Amino acid sequence: MRVHNFSAGPAAMPLDVLEQAASEMSDWGSSGMSVMEVSHRSKEFVAAAEEAEALLRELLAVPDDYRVLFLQGGATGQFAGIPLNLSAEGDTVDYVNTGAWSKKAIAEAKKYATVNVVADESASNYSTTPDPAAVRPSQGSAYLHYTPNETIGGVEFGYVPDTGDVPLVADMSSTILSRPIEVSKFGLIYGGAQKNMGPAGLCLVVVRDDLVGRARPQTPSVWDYRAMAEAGSMLNTPPTFGIYLLGLILRWLKGQGGLAAMGERNRAKAEKLYAAIDGSPFYRNPVSPDARSWMNVPFILADDSLDKTFLAQAAEAGLTNLAGHRSVGGMRASIYNAMPMEGVDALIDFMKEFERANG
Ligand SMILES: *Cc1c(COP(=O)(O)O)cnc(C)c1O
């Protein structure tokens with residue numbers, strides 16, 4: 001029996017995708033092998049990777065002057081890959097600090113560049129996003145980095161910062177493909193796949209051409225954007241199963257009506273869940289209403305001595321992985337693309353019932 005899996009990542013995947021992968025697990029495309037067993041340089045696999053890239057370009061409306069790279073090392077690898085590729089020794093780079101993932105990106109960038117934190121939301125205990133006017137690059141900055149969706153805090157930007165000529169870099173790990181975006185506003189977009197794009201092990205980078213070819217000499221080749229672009233992301237053996245599953249997920253997304261339809265669905269799911277939380281004194285979401293994430297919805301119980309019981313009874317009801325991140329506690333419901341409205345409805349019903357029994 002499938003549960004409703006509210007994990008923040010690795011996260012739930014569409015059942016249709018899992019069933020298709022299962023049906024061709026031992027014989028992919030009449031090769032007599034699984035997709036994991038074919039050469040990454042075979043024409044069949046190269047075609048699958050090309051289809052995944054083409055679908056991604058179509059769904060995200062990626063302009064022609066951007067490269068799409070399939071890398072490894074996760075978003076965390078890119079915390080180093082970005083300063084190594086986009087800044088020179090001694091450069092200043094700008095970062096916005098909106099919570100846990102911003103902080104990790106900042107700590108890593110400090111190994112390679114002078115980090116200037118242009119906006120910092122610690123005063124609100126990371127329950128807000130900065131005023132758009134505050135997100136301005138500093139003089140001579142190589143790029144400005146921000147985290148559009150903070151997966152742990154459940155804080156999401158309702159706007160795209162305007163950085164003028166300074167390239168805007170976005171860690172979209174937990175928001176990519178959740179709605180349409182205007183790629184041309186960004187110099188670089190990246191994300192680990194395991195939230196909205198497939199299994200762990202694949203990291204996506206979408207980077208504008210003028211930012212490719214500037215890597216510092218000591219950059220590992222597998223993270224050198226030019227080397228990887230020239231090799232079609234196959235400088236070494238790529239995460240073939242992850243690329244294949246990304247392709248299936250993108251086909252599924254297209255079948256669902258693409259990102260505009262998905263965005264409407266995600267908005268409706270989030271609104272319903274926040275309304276249920278706000279409508280009860282028993283539950284509370286600490287995030288400022290204009291900064292609430294559509295993807296990760298943290299909430300706390302008025303009486304935190306009930307947390308364990310809540311989680312245990314939820315799991316019994318088939319609602320799993322609702323514990324908040326270990327650094328913050330409480331609850332967190334991650335409701336990425338693969339979480340249907342029925343899952344959100346089931347959670348809300350459970351929350352109401354739990355409140356009735358314990359309130
Ligand atoms: C999950 C996550 C990461 C880390 O991704 P890895 O692929 O595990 O390195 C980084 N940033 C954000 C916003 C995330 O949600």
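Placement of Cβ uses the backbone N, Cα and C atoms for every residue, glycine included.
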- Since TrEMBL lists Ala75, Thr76, Trp101, Asp171, Gln194, Asn236, Thr237 for pyridoxal 5'-phosphate, which candidate among Thr114, Thr151, Thr219 does it give for that site as well? Thr151
- Query: Where ligand 1 binds, which of the binding-site residues Ala75, Trp101, Thr151, Asp171, Thr237 are close by, with Cβ under 6 Å?
  - Reply: Ala75, Trp101, Thr151, Asp171
- Query: If you average pLDDT over the domain 'Aminotransferase class V' (4-347), what do you get?
  - Reply: 97
- Message: If you measure from the CA of Arg41 (L-glutamate binding site) out to 10 Å, which recorded positions from the list Ala75, Thr76, Thr151, Gln194, Lys195, Thr237 are inside that radius?
- Response: Thr237
